[in-house]
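Worksheet: one structure, shown below.
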Amino acid sequence: MAQTAMSETYDFLFKFLVIGNAGTGKSCLLHQFIEKKFKDDSNHTIGVEFGSKIINVGGKYVKLQIWDTAGQERFRSVTRSYYRGAAGALLVYDITSRETYNALTNWLTDARMLASQNIVLILCGNKKDLDADREVTFLEASRFAQENELMFLETSALTGENVEEAFMQCARKILNKIESGELDPERMGSGIQYGDAALRQLRSPRRTQAPSAQECGC
């Protein structure tokens, strides 16, 4: 029992999204990150799927609540409602499909309009293991990321390459913004929550108490 309680202890909770066209491997990325194995029987997500994991980011324990959204157009109205209050997102395309790459601008627009004002985004070129079938070069995607102020990695849900790093980089940047004061977990819709009431109290400015009549020497 004590071990379970310890495993659920965390300093912050971040709401994450995984977005992009259908067939890009979003569900497989989520499964690889949480279970450390490839989900080879994955079907297209219908609506939204959910997963969570606690990670250690620079000595802070962060619980990621991750919403894997359907990529088909007919589910867009449903999945858009889950954007609200997201602190971070993986924007996923398939390196073997230019169609999924060309759709990135629409996904990016949705994320920045509907999610948290300061949402942190990382671009993930998935299916890196299929390099021989590549339709989108690393350089082209890297330029897109730079132009749109995104972090960028190529990933493989099959081999696990860069999967954990993608989530870690995104979480690390959010944590850095909290520590610098750029992000305020107290702000409604930030997609961030304190995981411990004591930590929240420590990070809140201490109120100056007025001296009592006995202390003031009146």
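Glycine residues also receive a Cβ, built from the backbone N, Cα and C atoms like all the rest.
Features of the protein shown, as given by Swiss-Prot:
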- 23-28, SER42, 44-45, GLY71, 126-127, ASP129, 157-158: GTP binding site (BINDING)
- SER27, THR45, ASP68: Mg(2+) binding site (BINDING)
- CYS216: S-geranylgeranyl cysteine (LIPID)
- CYS218: S-geranylgeranyl cysteine (LIPID)
- GLN72: 5-glutamyl serotonin (MOD_RES)
- SER190: phosphoserine (MOD_RES)
- SER204: phosphoserine (MOD_RES)
- CYS218: cysteine methyl ester (MOD_RES)
- 44-49: motif 'Switch 1' (MOTIF)
- 70-79: motif 'Switch 2' (MOTIF)
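Each residue contributes its Cα atom, and for GLY25 (GTP binding site) and ASP68 (Mg(2+) binding site) these two points are 10 Å apart. Looking at GLY23 (GTP binding site) and ASP68 (Mg(2+) binding site), their Cα atoms lie 13 Å from each other. When other Cβ atoms within 10 Å of the Cβ of GLY23 (GTP binding site) are tallied across all protein chains shown, the result is 16. When Cβ atoms from all protein chains are considered, those within 10 Å of GLY25 (GTP binding site) total 26, not counting its own. In sequence order, THR24, GLY25, LYS26, CYS28, LEU29, VAL92, TYR93, ASP94, ILE95, GLU154, THR155, SER156, ALA157 are the residues near ASN126 (GTP binding site), counting only same-chain partners six or more apart with C-beta under 8 A.
In sequence order, CYS28, PHE38, LYS127, ASP129 make up the list of same-chain residues 6 or more apart from LEU158 (GTP binding site) whose Cβ falls under 8 Å from its Cβ.
With the fewest other Cβ atoms inside 10 Å of its Cβ, the least crowded of the binding-site residues ASP68, ASP129 in this structure is ASP129.
In this structure, the C-alpha atom of SER27 (GTP binding site) lies 6 angstrom from that of ASP68 (Mg(2+) binding site).
When secondary structure is read from DSSP and collapsed to three states, ASP68 (Mg(2+) binding site) falls in the strand class. In this structure, GLY23 (GTP binding site) belongs to neither helix nor strand by DSSP; it is coil. A 10 Å cutoff on Cβ-Cβ distances gives SER27 (GTP binding site) a total of 21 other Cβ atoms nearby, all chains included.
It is 19 Å from the Cα atom of SER190 (phosphoserine) to that of ASP68 (Mg(2+) binding site).
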